[in-house]
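Here is the structure we will look at.
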Amino acid sequence: MAAVNGTAQNGVSDTHNTKEEEKKKYLTKRRSSTSVGHENCFFHHDLEFDHNPPTREKLIPKLASSYKYLLKGLGEDPDREGLLKTPERAAKALLFFTKGYDQTIEEVLNEAIFNEDHDDLVIVKDIEMFSMCEHHLVPFWGKVSVGYLPNKKVLGLSKVARVSYQELVDKSKQDK
């Protein structure tokens, strides 16, 4: 979507580029750090930049309360200094891992389908992916490769990963 004087064509202010630039600068700085700990986990900081679900943000207090209950059940003291913010961080992480539930295919594609006189196989290799196991609620990750026949329409390469993985997950649920 092209922006004109800082306003996107749909009339909404285009702050995405600024946030992306800020994220890249921040992550570059974090990657050069040699210290160890959760605060240097790229995923941890991706949550801060990428996760802003307007429809589900209201779930954070209830989810955080549930994580606090789980910590107590494990014999931990969720009110000790090292765990004070853990329930909220865990709630945000859960929302991040499940943010696809709030997205439509149109939002994912973001107008990234282009008419092209191209019918050869398109292959995108080594796409990093992550998801959450629906049985154990633990994250998993890996790399996948995707191929498709475009039929005169091509999809922006960055969108192939998102759409293909979403379709794979949907298909696996249908097969059960």
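For all residues, glycine too, the Cβ spot is worked out from N, Cα and C.
Predicted automatically and left uncurated, TrEMBL annotations should be read as such.
If you look up TrEMBL, you'll see 1-15 marked as compositional bias 'Polar residues'. Look at TrEMBL and you will find 16-25 tagged as compositional bias 'Basic and acidic residues'. As annotated by TrEMBL, domain 'GTP cyclohydrolase I' applies to 66-163. Under the heading region 'Disordered', TrEMBL lists 1-32.
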Residue distribution over DSSP helix, strand and coil in the domain 'GTP cyclohydrolase I' (66-163): 39 helix, 27 strand, 32 coil
Across the domain 'GTP cyclohydrolase I' (66-163), average pLDDT on the 0 to 100 scale: 85
